[in-house]
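Novice: This is the structure I have questions about; it appears just below.
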Amino acid sequence: MEKFPAVTVFDLDYQGRGVAKIDGQVVFIEGALPDETVTFCKTSAKKQFIEAVVDEIIEPSPQRVAPRCPFYDRCGGCALQHWHSQEQLLGKQKLWLTQLQRLGGAQPEHVLLPLAGKEWRYRRRARLAVHYENDVIAVGFKAKRSHDVVAVNDCLILQEHLAAALPLLPDFLRALLPVKVDEILLTAGEKVAALTLRTKKRALSPAWGEKWANLAGAHWQLWENDRCLFGEPNDLYYQPISGVTLHFTPDDFIQVNASVNEALIQTVLAWLAPLEKSEVLDLFSGLGNFSLPLAYKGARVTAVEGVRAMVQRGAKMAAEQQLSSRLEMQCMDLFSVSAAQMKSWQSAKSWLLDPPRAGAHAVVQALPKKFPEKIVYVSCNPATLARDVAILQSKGFHLERGQVVNMFAHSAHIESVILMTRTI
């Protein structure tokens, strides 16, 4: 790789890379922090910028720390372990506010302190790569800037009982041969954990589940693709709030950080208060991470989700927990919303949006200028959030408050939540 002379880093980008300039050209430098002087090696060159990796740190930032993970230099799983955890939070908040202002022309009236939880051993879900070469089976994560697999026997951001499975997997996969596994999912509920093996066809017998449980512990399930081979599927659940149980499968989307998710739910409940007998519309509701707690707290909730299987299972959970009278589940495509559909939701004065990374563009574009009165928006992408906030401001909404949610400690991903209230 081509080496370049020293530059001073003046910012951080949304991928956690240091930003510098050389001869007027922007350079994104993996592994560099703001205010550091570094030399770098070019990894790729575009017309308007250079991508690079740190070669030598000449003047380190006082915020730099030694990464805890022995695989950090090679593994692509974490991006920010070399940055003090408190500074990570402040840096994410700064980047989030910059995105809101630059892309959305918006600034929250009240910027709350970041919502944070455990920094280590917090992830209850992980996707593992597998590579077979001769007699060696590598199980781990994709390498930085590569599709190579970095074999790991621990992961410091995984919950302990999930991480404990890592050193057991290569030998277990070797025993499965000639069946080969393309990918592995590790998922933790409150009672059991699940090992999911992605194979090209259903090739495994339930006996392998018992063998895995004998190896890893009785609290494990074994799944092959979407089929539970060992254990009771209904045992895989979490409680978003006390009194509410949400059952899920390994393929379902759930927030990876249990403690931060619980804190986020409490924030959403507080911002949508008063809830007793109020009407709330929950868009992009998934299995009911927010809508089940909202109904439990007394709100009348209409929850809308695009995946029919999730809607059906959410409705089943509502019925099992005697919440059906306060929770209606609807299935529709929220990336194409009609005026007639909007009108059918007008009785709900409070709306909750929790879209995927693409944001809620179709919803906010179709929003009339009469309702709702307030919107709580949970975002996993500052760029699409800023775009949607700009549209909402043009329709009479005020960005009252917001905060970064540190759902993904040591990664560059930014989760956030905002409250917008109608002013006209």
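The backbone N, Cα and C atoms fix where each Cβ goes, glycine too.
Not my notes, these are from Swiss-Prot:
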DOMAIN    1-56  domain 'TRAM'
BINDING   Cys69, Cys75, Cys78, Cys155  [4Fe-4S] cluster binding site
BINDING   Gln255, Phe284, Asn289, Glu305, Asp333, Asp354  S-adenosyl-L-methionine binding site
ACT_SITE  Cys380  active site, nucleophile
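Just tell me what is around each of these and how deep it sits.
Specialist: Remark: secondary structure over the domain 'TRAM' (1-56) totals 0 helix, 36 strand, 20 coil, with classes taken from DSSP.
Taking the Cβ of Cys75 ([4Fe-4S] cluster binding site) as centre and 10 Å as the limit, one finds 20 other Cβ atoms among all the protein chains shown.
Over all protein chains present, the Cβ of Asp354 (S-adenosyl-L-methionine binding site) has 22 other Cβ atoms lying within 10 Å.
The Cβ of Cys380 (active site, nucleophile) has 19 neighbouring Cβ atoms from other residues within 10 Å, across all protein chains displayed. Secondary structure at Cys380 (active site, nucleophile), taken from DSSP and collapsed to helix, strand or coil, is coil.
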Novice: Indicate the candidate from Glu305, Asp333 with the smallest number of other Cβ atoms within 10 Å of its Cβ, considering only these binding-site residues.
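Specialist: Comparing Cβ neighbours within 10 Å for the binding-site residues Glu305, Asp333, Asp333 has the fewest.
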Novice: Between Asp354 (S-adenosyl-L-methionine binding site) and Cys380 (active site, nucleophile), what is the CA-CA distance rounded to a whole number of Å?
Specialist: 9
Novice: How big is the S-adenosyl-L-methionine site in terms of the longest C-alpha to C-alpha distance among Gln255, Phe284, Asn289, Glu305, Asp333, Asp354, in angstrom?
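Specialist: Largest Cα to Cα distance for the S-adenosyl-L-methionine-binding set is 22 Å.
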Novice: Quick check for the class: what is the C-alpha distance, in angstrom and rounded, between Asn289 (S-adenosyl-L-methionine binding site) and Cys78 ([4Fe-4S] cluster binding site)?
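Specialist: Cα to Cα, Asn289 (S-adenosyl-L-methionine binding site) and Cys78 ([4Fe-4S] cluster binding site) are separated by 26 Å.
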Novice: Excluding Cys69, Cys75, Cys78, Cys155 themselves, which residues in that chain have a Cβ inside 8 Å of the centre of the Cβ atoms defining the [4Fe-4S] cluster site?
Specialist: Phe71, Tyr72, Gly77, Gln81, Phe141, Val152, Leu156, Ile157, His410
